[in-house]
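Residues or ranges marked as NADP(+) binding site in TrEMBL: 10, 11, 12, 13, 14, 15, 16, 17. Residues or ranges marked as NADPH binding site in TrEMBL: 90. Marked as L-homoserine binding site by TrEMBL: 175. Residues annotated as active site, proton donor in TrEMBL: 190. What TrEMBL lists as domain 'ACT' is 334-408.
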Ligand SMILES: NC(=O)C1=CN([C@@H]2O[C@H](COP(=O)(O)OP(=O)(O)OC[C@H]3O[C@@H](n4cnc5c(N)ncnc54)[C@H](OP(=O)(O)O)[C@@H]3O)[C@@H](O)[C@H]2O)C=CC1
Ligand SMILES: N[C@@H](CC=O)C(=O)O
């Protein structure tokens, strides 16, 4: 009889149930590859299973429950008991990753987390192994499948936000509570994990600024088409040099909706797909993409980690850097203003922008009865200067509503 390798499964929802099916379907193949026969030793949900019994019966724990509590306690207890852990839980890692990785190192076991970012896109392996020797300058990603699916559907069909979200939930892309998907928190957690690996410095979710897509209207997508732009929820983690950081170098990690020109490597990523672009002088730039959400897709990444843990040891080393995380970065902007249709409006808007050093790249103006809509694309400028101009514009007497803005990613790719 071959030796068995016992896997305890915490969570049996979208990912957990797909994982159990896949493990069953791949048992023979895994046994041939590893010499060990994988076996499910127990399943924990809210209504079935006992954690202590599952832990005692397992060589490895798969955590696909989600949330921070009790996932953190279960993962820590498993590591301290000398069991490998595979998790897809980005909220947990972006808050308590350092504690968990330290526990894994201390107890000589593996904590693997490929499925926590990008679904089945192997970005964790690429950062930890393939690019371990590269000095990475920037990581840019579409790392939330739900929001990419919603924006793609809104652009493709003109569908409203709420019906696209309902479809994403039905297809198993969204979190149990989709708030974190649409408000950017899920993508922020993933970017914190990528930044930690790319820059070898601890990054906590609290240090990531994020905005979601709740404010995006079908209108924005229509104007985007006129400017030849595509709209995505973009995560950026980059090194920030001296000019914007009072002489110190640091990193910036952020998530927000952004317009992309068609030549951008992420511009064509549609539906629930994710993609991550990594820039480094040694490699110039690579982009990897694939399904970023969904039960079978994520389960495949989880099982890949389980198989890796069955073969040679690997651990996430302690960070060697302590880089400051900075927040004042430069961006180009799309600005959307509903104004009274009267002489001098455009001149006053331009004057307010000019007073803060913000220059206009292109403008579209539409008359709507006694009101007009001004939509502009602005050149790249430090964000605090743009915000100051925005406050001034918001106070102008002819404004019909709060100005709205979305960032535009316009720089050339390649370092
Ligand atoms: N869905 C996706 O496409 C992806 C998900 N992930 C991550 O994978 C993880 C799981 O996601 P998903 O499968 O979608 O989530 P689901 O909500 O579909 O499933 C969660 C499972 O965990 C169980 N569970 C939750 N809380 C507890 C608890 N306190 N005690 C015991 N069991 C509990 C639930 O039990 P019960 O059935 O009793 O409610 C359920 O079986 C999350 O961390 C998510 O972020 C990562 C990548 C993609
Ligand atoms: N809800 C997440 C699932 C994967 O992490 C997403 O939509 O990307």
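Using the three backbone atoms N, Cα and C, a Cβ is placed for every residue, glycine included.
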Nearest recorded site to residue 16 (NADP(+) binding site) by CA-CA distance, among recorded positions 90, 175, 190: 175
Neighbourhood of residue 11 (NADP(+) binding site) by C-beta distance under 8 A, where only residues 6 or more apart in the same chain count: 44, 45, 62, 63, 64, 65, 66
Spatial separation of residue 175 (L-homoserine binding site) from residue 12 (NADP(+) binding site) - C-alpha basis, Å: 14
Structural state of residue 16 (NADP(+) binding site), classified by DSSP into three states: helix
Candidate nearest residue 14 (NADP(+) binding site) in space, where candidates are the recorded positions 90, 175, 190 and distance is Cα-Cα: 175
Listed binding-site residues (13, 16), ranked by Cβ neighbours within 10 Å, top entry: 16
Nearest recorded site to residue 17 (NADP(+) binding site) by CA-CA distance, among recorded positions 90, 175, 190: 175
Those recorded positions in 15, 17, 175, 190 whose CB falls under 6 A of ligand 2, listed in sequence order: 175
Among 13, 17, 190, the recorded positions whose C-beta sits under 6 Å from ligand 1: 13
Secondary structure tally of the domain 'ACT' (334-408) (DSSP, helix then strand then coil): 23 helix, 34 strand, 18 coil
Recorded positions listed as 12, 90, 190, least Cβ neighbours within 10 Å: 12
For residue 15 (NADP(+) binding site), the one of 90, 175, 190 that lies nearest, given that the recorded positions are compared by Cα: 175
